[in-house]
């Protein structure tokens, strides 16, 4: 960079001087010089030449020293000129410096200057030379000189050289950081090339130990940290001296220094050879070599001698110098003084014998070795004593241990030899089947135990004493044995229990029994003798709920009542009691047994029936046959259900109208016998005056309830019945239609007409009439609500012109409403038509006319404006014309234009009718510019006077701009040089416009880039330079200039301008892209392309041509570059080890060929950095330990096992020189891991603990470098892991601090538990033995522990009074080497009584709640505790009650719940969903058996039989056979007696209750042929029923039952009618299921007619019920349908939407279906009927109403239901007429057959009869037509009656022949269900009287026909025959019906026989049966 700057400042090639004046001045000077030279030529003949150096005084050249500048290089071009144009010769004066150059004259005025010798700046840095110039005329004036100064510039060509230095330095280890040495290197170069910086390298990579810094040109070498001789004793340092060249090559000098570390005594000795374990036989002679150890000095550089010593030992010794261990005396493995199982631990010390006093580390080190003495068989088995005395109870169970009588008995045998030498077998002599010895085989030492082998032969009466011998004999040498004598005594026992005659005693007693009453007597027997037998039995411990009220005789067992119990003997409070009684032998001190007594309290009739209410009230509407709310009286009797004491009968005993009511004697249902008429009731009670203003009257009844007991008891209750009047008469208008015509100017308040209506109800307010206008008033009319007078509203104007729709007729719908409340309110409607008469009295209305503009030369016939005038009168006639008198016109100056001068009015024409103003001739703006026209409008139909209005229309005539500006030249062309100054003139453009708009502006158009370089004056048109113009960017500038005038719209023209830009060489070359680093392989061959350099020059032509040059010194001949293409290639072989990088300097020159020598070239430099890439050609080298690395299984995880050192000769900075280590084989279990510290070092560690993993491991270490291709080296590392006995036994069972509950009467030798411990070691180290440790109280003597099996037996009898708790400690020890390890287990033996009772729940059922979808375990509920009689009997407050565990035994099959057995907490284990399952019933079992593990059943069976309990989760209880003690059997059962009494025979004394002691059913053992009958959980008081209710959350959105709801309303529907309901359901419950309904969006009307006046919402939606309410008054003539969207959402905002379609229909468009179903039945199935009917008929079916069938005479038939509906066409949404519906049903009758049969459809008919309407008479013709129609109608009726009569006779005969009994839905059919049912008919419209029988031939049973349409029977009528055989009472009842049958001419009245049957009170069933037979 420095050289480049120097060149730019004084470049010898740039000899052209800068111009100081511009070209214009230069041109003037040249002219002057020519003139001056001409004058001189005349004055002198020869003039001297001159050097062309542009005024410089000296030529200065700067050259880089060789080889940068080579000899022969052209370094300068000399130029000169001669005024005489003579040839010139250049030369030099001879001197020492002039030899450096050589001049070559080329002819003319130039000469070449070449370098003649190499330049060396270090020898000479500058040369002064004198140049000469002559023109060959050797005169004074023709010879001139010029000084030349040649400066030599330095290059980096000298390597730094170190001055003499110390190359070997010794440093003691432990020395602190500091300066070690100072080095200095020199560089002959100057500047940065001669400055030196020092760097340091350590050959092994330890670069952090030493450092070097540069200080005042010297390198200061320092020690950074302390040295350690043991880690590294020699360091090889390389000091680098590098110059500070900032470009080009960098030279480096090297100095090598060897650092030696001097060792000091700072390390202790080290053992290098240690044998961890050695073996020697115990009979080895004295002095035998055992092992050898070897240690060395830790300081390798000093290596002091080592002395060995052994810690005080009587058996072994060590040689001080050699380290050999040998024996001192004879060995005995059985000696226990200083060894464990023959293992001796020797502690050996190695001491360093230092020769100096500078020791810094310990001088000794210690290690341990184990010497194991092998065994020799030199002992025999030996017993602890020679005689053993034992005792055992008779009938002792098998495996019962025998108790040793002697104190401190030593029941053990030992042989301390090892292995088989110490293994011996134990046996009895002589052999017998009564007893056995355990263990049979033992090793070294064993505690033996004698136990019962056969309990059946062990009887005190047969054997009193038994003697035998026990032997211990070695298994390998039978000759080695010993023996001991055994003496056994048999003890007598009380071994029989009292047995009751019955397991359960059932007794009964009357409630309220007296004192002394005998309840029952219990008896028990005992087969033992004396007090142990029956004679010693005592009855005691009578327990139960009433035990304190009873007396138990302890000898006889009689139980009597001791005192009155009150509620205890009241059956209504408690009906059953449970008692338990005990029988104890040995006069109440021996064995005991328990029996259960169930006492039933018998009922006595001591409670009268009671009513829950003091009186009953109900309401009955008049004309109703049922109460508004059904009234059912209910009395309760507390006496026993199902007996006569609680059987209740109801009857009415008092009341004025009691004969009009009936009460069911059994159910108490009170019903009226017939309808009541409010007006006919007698008001006898004053309270009626208070009832709703006299609209309600009261009926009093008195009802009695009595039971059937003896004596009979009864109770009466008053019943009040309120009969309420019903509003059943609507108001009636005198006329249904009113009409009146009034003028439009009728003032407000004027009366129009009066309407009148009356109501025939007799009570107020039902007969009060009020009037209101329902619709049509439009706020114009009002009505007096009392008088009915309709008048014009105050302030109302009837003028139709003032209304929006010009309404002239008002149709008012007037309502007359009575005083009924709510839906009972009745009303009627009258129509009032009011016509408004118009009056023509208003002026025409002409709105303000706008100001118009029109362009001159507008086309003739163009419409200018259309004048619109309006008149609010109906018959107005309007005419338009121009008023010439008021019109005027003005020119541009504003002067008036006379019509005579220019007829501007003639240019327009106004249509008098349409008002259209048009142009009829062309306008000239220059003649007239502003026109104002006067327009007149007149109404020719005015009633009074002349109606005339006038308006003015202003018109402005606009000018047209029709001439474009013009330029003076067709185009402009000009040129300009680049870099011209701003403001330089380019061209001036001019334009003109012949139009009046003469103001012209200029603007540039074209390329925006060109426009930014120039500036155009918009007013003058001058174009000048605005910015720098660069030829390299723009060779020419082409643009356009637009000239625009000021016209509207403006007009313009364009002219093109062409500007040529002339070029100059004003740009330097530049390289494309910055500095870049390139990498090439060291194996690249010459010619390999490295890169392509690109350079550019913005100039054109030769000025832009680039030539590339490269510095040969920087490339050192390894690279070359193409001068033209810039391709950089390899020129010679590369070697990375010789040089790994190059910094090349590249030059780019422009115009090099022509301008280089003339100084017309420009250049640029660039540095290219090339790195030589290394190739992976060297494999890694790995250093590993050669021998096996010895570690122990206690090796710590953080301690290193071995180190791996690797190296690679390749470049360490690249992957080729970096290594990766891995364990590839021998580590399958992942025990070891390799941790790589850096790319060349790694260490092996243990990944996991090595305990129990002893052995030899061979690991394969794979080392690979990271280069490609990868070099791989495999090495082997051996690791030896030695084993130790390092695991102590661990107790598996029982748990620590376990308490064993043992009954006080447990037999000696009983097995209490089995301890089991495991050892993680293997082999002999894992062999576990057990023994009891002595305790201060001597409790260990009470028990015996098997050393091999760990079984704990009872050794001595227990005495609870002497000691209740025994604390024991069991030791488990292994046989491991070198030392034995042991573990202690503490347990407590608690002496207790027999657990007699199971825990029991005090309630039968528990109710709990869980929330659905809650997280499992989030909700925790603790179940209630149980009671246990055993806990009540605890006599010691410190005694811990037994653990009670809960288990789910039923109801949790799906696994929804989890019950913790110990904490009794119930949680949810699976997510609950209330919508799937809302309730669960769980049965929870409570038991003290908290274990359910099958592996403990066999081992714990004996303990369970004995009643031994262990309070951990290992031991438990197991049920046994009939001979075992069953605690469930003797427990107090709260809920099982009733069940047991049903199962067990009354005389069986051997009945056994099934126990639920354990919830695991697999624990029960039942005979295969006789499976047990388990009682239900409800009968077991240890089981409680848990009712789980799942609480709801709002997690379900509401759902509409259908996405589309359809309905219809008739045109006579009442305002406010609720006619349909949209219903949605929510699967949630409670408030979460509360649904709100909302109407969203607008209510759309489709195909509507007559609905224009419905302004507000036509329907309202009840937000709570979803009911749709009518919100307008429908009127006849309205048509169409509505649709809208409803939304249902719940309280959380979840929602659903549905679409609602509501159709307007007439009342006569409804169809009625008659069903023989109850309304509730039909409602539940109506959806199926609607959907099926709609699918078959392909129409929309809308259900309008469902109600009880009403006959035509007004009576109600409860057996039938009427369904009203209408059908809608799906395509056009039109409503079917009734006739079309019936035809549609007929056409699909076959498809509908099954549906109609299933739903019992009786008939299909129109909803109402078609009424004939008549209008007012209009002449005689109308009267004649009416009379004719009446006559024809009468004739038609007569003919139809005759036809019907004849047809009825035929059908009666036909039905009588094919009659079947009707069974469907009748009360009789329910009693005879086996009889066949009849077929169900269809609903064809012909299924009425007179229909074609062919249609009904498939339905012989025509009972389905509506009785309303049945005709009167003839002589052969089956109905008449039936009535003749009726009873007399029935005959009287049917007398009235006969009258109805005689009215055959009244077609509108029909006899409803079923309705009459309902009124019959006697023989109703007979009549119904006969009727079902004969109705057809």
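First residue shown is number 1, and so on along the chain.
Each Cβ is built from the backbone N, Cα and C atoms, and glycine gets one as well.
Any TrEMBL annotation is an automated prediction that lacks curation.
The region 'Disordered' annotation in TrEMBL falls on one of the ranges 1500-1519, 1520-1539, 1540-1559, 1560-1579, namely 1560-1579.
When TrEMBL is compared with the stretches 1771-1795, 1796-1820, 1821-1845, the one noted as transmembrane segment is 1821-1845. A mean pLDDT of 86 is what the model gives for the domain 'Cadherin' (846-967). Three or more CB pairs closer than 8 A are found between the domain 'Cadherin' (384-500) and the domain 'Cadherin' (1294-1401), so contact between the two stretches is assigned (pairs 6 or more residues apart).
According to DSSP, the secondary structure content of the domain 'Cadherin' (384-500) in residues is 4 helix, 57 strand, 56 coil. Put simply, of 57-162, 272-383, 734-846, 1072-1182, 1601-1715, the stretch with the most CB pairs closer than 8 A to the domain 'Cadherin' (1294-1401) is 272-383.
For the domain 'Cadherin' (846-967), the DSSP counts in helix, strand and coil order read 6 helix, 52 strand, 64 coil. Scored by C-beta pairs under 8 angstroms, the domain 'Cadherin' (1072-1182) has its highest count with 163-271, from the stretches 57-162, 163-271, 272-383, 1601-1715.
Residue counts of the domain 'Cadherin' (612-733) by helix, strand and coil are 14 helix, 48 strand, 60 coil (DSSP-based). For the domain 'Cadherin' (1601-1715), residue counts in helix, strand and coil come to 7 helix, 61 strand, 47 coil, using DSSP.
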